[in-house]
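Written below as structure tokens is the structure these notes are about.
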Amino acid sequence: MVYNEKNGGGIPPVPLSLNTATPWQNVNLHNDQQTEPQLKSHPDTDPRITPYLGLRARLSQLWFNRWTILLILVLIRVIILTANLKENLGDAKAKALSACTKVEDVGSAMASMPYYMSKGVNVMAAGSMQKAVEAMASVLKMILTGVQAIIMFVINMYIGTFACLVAAFIHGGLHVATAVVEGATKVMNDAISSITKGITDDMKSFQSAIDKARDFINSGIGLISKDIQLPTINIDSHIRDLQGIKINANGVVNGLDVLDQKIPTFDEAKNLTESALAIPFNLVKGKIDTAFSEFTIEPTIFPTAEKQALSFCSNNSFLNDFFESLITLVYKAKIAFLVVIIILALLAIFVMGYIEYRGFKRERERAARMDANAFNSQDAIYIASRRWTADGGMRLAKWWTKDTDSKNYLLIRWAFAYATSLPALFVLSLAVAGMLSCLFQWVLLRQIEKKAPELAAQVGDFAGDVVGTLKQVSNNWANSSNAVVANMESDINSDLFGWVREATESVNNTLTVLDDQIDHALVAVFNGTVLLDTARDVVGCLIGRKIDAVQDGLTWVHDHAKVTLPRFDDDIFSAGAAQSMGSDGDLSSFLAKPGAVTTDEINEAVGKVIRSLRNGVIQEALITLGLFLTYVIVVLIGVMGALIGWATPGKTRGEGGQQFGGRPPSFHNHNGFDPALAPSNAMVGNPASPHYQNEKFGGGGGMHDVASPAYEEVVYAGRVPVGNTRELITRYPSHQRTSSYPTVESPDPMPHGDEKVPGYFTPI
């Protein structure tokens, strides 16, 4: 911009080569009253003394940076948690020990139940066995009587049948023989008499004829000669002898009568058999009456189980060890968390120290970026105060859109700034701290949950100890009682059934004697006759085989005449407890409280601690989730605002929506402000100015080959109304230094932004 003497006054500006003062010390030569105060020069002090914090001062505050403070808060929460958890574990330990003592008492009482039950069982067993033995003796006597009667019935049946048949056969035969002999004798005697009489008569007739013939002859001869003497036939003596022949059947008949009288009726055999059979049976019955008349089984013969005193809590340090291990686990977890958090806090200190160091070195470098990217003075303050979030927003905006002068670029930076504001980051940091706290608590919870099954297993072992003791007591009592039963069984088998065996042997011997007696009777009757073998066959068929069958049956009775008394089961007192243990794997047994099917007091003590810790973790996790969702809502609000601004069309320049102006000049290098970079007089509002082009496109000084005169004013972010925009550009004084050029007056009042504010930048 050229100097206008008409408008600028009679005094030209001081050339830059002759101006030794900095632009910060220029004064308005056209204003005699000096309405604007002059900037004070820097104090002449030690350069190490500054009103702002240097690197050493910043590093001295690293120990309470935000992340370290958050980690310390998490550490305090963990310490409080472990302290409460230790107290809860102490209470759980006391409750578990109390519950274990109760379980021990219940287990001892239950393990002693066989002591009380065995007395009643002994009385019941003794009474039952005595009644059983008495009933067995009575039944045995009745069986013996019945067997005796059956044997006698069978013997009498077969002997009587045989006797009747034999007697009828023999007597009938003898009677027939007697009648035949007597009839034959009579017939022969009558025939002999008749024959002798006929012979006698015939001989008489013949003798008479002979006598007549003699007489005749003699009469004839006597005439002639002497009489003829004929022999006389005299057979009277022979006739008399023949008549004297008498067939006497009395001897034969008498013999048959004698044989008939000698045939036995087997009454003797029957009576002998009855007498012989009655002897062993009566002997056994007498012994049974004698032995069991005063037979008693006293309950005292059975043993009594001993009382049991279980001590799986008193003499078992598992519960103590278990809870001590949990407390030790909590302590170790606290130490581990302390170490981890302290290490993280130290790392945060070192990281923040490195960040501060880098930030301090780059702070001056950011001045150029601030000059190049700041939208207005407020944006410059934001970039300076929130350098990391501002830098992140600029990087995101540049990644999204390459046009840094576009509205979208500004909206993206605005959304990122909205999401990374101090309240939003505070909420996010609380959520992160809550997540860390929940993570530490969850790790501790998982460790305790892993240890809990050991307690459940040990409680199961407690129940197993009770059941094992019950089994041992039951087994010992059953063995002792079964020994008593075995002795009683041996006595019964040796006495009572020994008598039965003796009786069966006697009966067998008696039947053998009976068989021999029958054979003797047959021999006595039929010896020397053809009927002996026939009689033996008949007797063997009718009686002998039946007697053999009876003897076989008695032999079987003899071999199996013994009793086996029932024994007591080994688990007579422990079967119920074992079944209750096997019905539910979660100890729904006699050790559980009434109404508690799957838990018991011991597990409940630890379960309460676990549930309390889990509920605390869930509650804090929900709070953390709420904080995180709050931050997400903030982020969404920022994104929605950016999207709405993105979708809303901008106002035109005539509507006061478009901004126009140059960027602020940059008088800084990597060491800070450099007066050599500031030209004496420059008009940024002049597009032809090389410095203006450099500031707009270069992002910081460096192209100052052409020094424009009077670079003392800056035009920035003015609102330009409709009209001659070149003449309506608002000019702002730079560092209390007014230009020698007059202020451009606008014919119309400016909509806004027409105030003249000291400094480089004025917010829109």
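Including glycine, each Cβ sits where the backbone N, Cα and C put it.
Here is what Swiss-Prot records for this protein:
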TOPO_DOM  1-61  topological domain 'Extracellular'
TRANSMEM  62-82  transmembrane segment
TOPO_DOM  83-149  topological domain 'Cytoplasmic'
TRANSMEM  150-170  transmembrane segment
TOPO_DOM  171-334  topological domain 'Extracellular'
CARBOHYD  N271  N-linked glycosylation site
CARBOHYD  N315  N-linked glycosylation site
TRANSMEM  335-355  transmembrane segment
TOPO_DOM  356-424  topological domain 'Cytoplasmic'
TRANSMEM  425-445  transmembrane segment
TOPO_DOM  446-624  topological domain 'Extracellular'
CARBOHYD  N479  N-linked glycosylation site
CARBOHYD  N508  N-linked glycosylation site
CARBOHYD  N527  N-linked glycosylation site
TRANSMEM  625-645  transmembrane segment
TOPO_DOM  646-764  topological domain 'Cytoplasmic'
REGION    653-701  region 'Disordered'
REGION    735-754  region 'Disordered'
Given the transmembrane segment (625-645), which of the listed stretches 62-82, 335-355, 425-445 has the most Cβ pairs that are under 8 Å apart from it? 425-445
Secondary structure composition of the topological domain 'Cytoplasmic' (83-149) [DSSP: H/G/I, E/B, coil]: 66 helix, 0 strand, 1 coil
Nearest of the glycosylation sites (N479, N508, N527) to N271 (N-linked glycosylation site), judged by Cα-Cα distance: N508
At the level of the C-alpha atoms, what whole-angstrom distance separates N508 (N-linked glycosylation site) and N527 (N-linked glycosylation site)? 27
List, in sequence order, the same-chain residues at least six positions removed whose CB sits under 8 Å from that of N479 (N-linked glycosylation site)? D570
For N479 (N-linked glycosylation site), just give me the three-state DSSP call. helix
For a quick check of understanding: among the glycosylation sites N271, N508, N527, which residue's Cβ has the most other Cβ atoms within 10 Å? N508
Should N271 (N-linked glycosylation site) be counted as helix, strand, or coil on the basis of DSSP? helix
DSSP state at N527 (N-linked glycosylation site), helix/strand/coil: coil
